[in-house]
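> Here it is, the structure in full.
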């Protein structure tokens with residue numbers, strides 16, 4: 001008797017991003033708004049984190065509502081219909097609960113029927129992870145086109161009397177569609193974690209987000225640049241090939257420090273550096289795709305640009321990859 | 001390395017990180033109150049000082065380094 005032979009399959013060798021979308025609430029919270037509630041000031045916030053204003057979801061706008069809007073826009077901006085997509089991944093760490101997940105209902109509401117759907121939690125490092133998973137699903141033949149969404153609703157997780165943290169976080173969603181390509185458009189993922197530093201970012205006993213600002217800043221400004229550089233190496237490129245740096249919008253000072261370090265190692269002075277945090281705040285897994293969508297819409301990034309994405313955050317987790325701008 | 005040499009190197013680091021004129025960086029000056037160096041810039045100064053002098057300056061120790069002189073003595077003692 002012969003043993004049954006299992007079949008495994010493969011897909012196209014190359015993948016690329018096809019388009020972006022994003023969604024943010026209409027509530028704009030300025031630094032002056034916050035300084036009326038806690039002991040802080042516009043000048044202090046701008047200097048320490050670089051944020052001028054942040055966007056919060058409307059009262060009745062859920063995390064999934066934002067994911068649906070961002071995802072639908074990304075599908076449309078890719079020139080596709082929802083039925084062209086078969087898989088939906090939502091990177092998030094701020095769902096109200098673990099059940100139900102965000103991805104299945106998001107897929108259904110966009111019109112991606114019976115999608116393969118799952119959530120992914122690598123906190124602020126989630127988007128590059130999710131893009132990589134999507135790319136490997138397509139290359140492995142398990143998916144044809146994947147909608148990758150980062151979505152966060154921090155409002156309920158913020159202690160609005162905690163002046164160290166309430167100034168930083170915000171709500172929003174950003175998305176990208178990934179599909180097969182003739183030429184490679186998504187580089188390998190450089191990722192890792194530092195679970196021994198788990199206590200640096202977490203929740204208080206009352207369930208509010210906190211981070212040890214100084215320690216996180218030290219970690220992010222020393223440990224993240226080598227990860228970014230590794231992603232460039234894995235993609236077979238040099239830092240001087242990078243046209244655009246889109247780092248997680250954690251803090252403008254961290255982003256600027258990262259850009260400075262990469263330039264000292266060979267990145268170009270004219271490399272465009274995403275600074276979306278200035279008007280969006282820190283939206284964790286959503287910050288990279290929101291920045292991508294805003295920059296594409298504003299003409300700051302163009303089709304064919306070589307872009308370095310870098311995520312880092314709670315866990316601690318980190319991830320980076322090079323992608324080509326659709 | 002003498003305290004004077006440490007101060008010279010530290011001046012260069014503080015100037016580079018925080019844009020403070022080297023002549024203003026003297027031992028009695030407070031980083032925060034006199035030189036307007038904020039807590040995040042202090043971290044960057046600490047990271048560069050660790051590389052330059054081969055010392056460890058953990059965040060809890062960093063909070064105790066109020067003046068330039070505090071930093072010089074800490075480096076001299078711990079390197």
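Backbone N, Cα and C define each Cβ position, glycine as well.
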> When TrEMBL marks a stretch as region 'ACP-binding', which of A:234-238, A:239-243, A:244-248, A:249-253 is it?
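Spelled out, TrEMBL records region 'ACP-binding' over residues A:249-253, not the other listed ranges.
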> Could you list the residues of the same chain, at least six apart in sequence, whose Cβ is under 8 A from the Cβ of residue A:124 (active site)?
A:93, A:248, A:250, A:282, A:284, A:285, A:287, A:311, A:312, A:313, A:314, A:317
> When you scan the chain for residues with a C-beta under 8 Å from the region 'ACP-binding' (A:249-253), skipping those not six or more beyond its ends, what do you find?
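Contacts of the region 'ACP-binding' (A:249-253) (Cβ under 8 Å, skipping residues fewer than 6 from its ends): 48-51, 124, 168, 216-217, 220, 274-278, 280-283, 287-288, 290-291, 312-313.
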> Restricting attention to the region 'ACP-binding' (A:249-253), give the mean pLDDT.
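Mean model confidence (pLDDT) across the region 'ACP-binding' (A:249-253) is 95.
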> Please give me the CB contact count at 10 A for residue A:248 (active site), counting all chains in the structure.
35
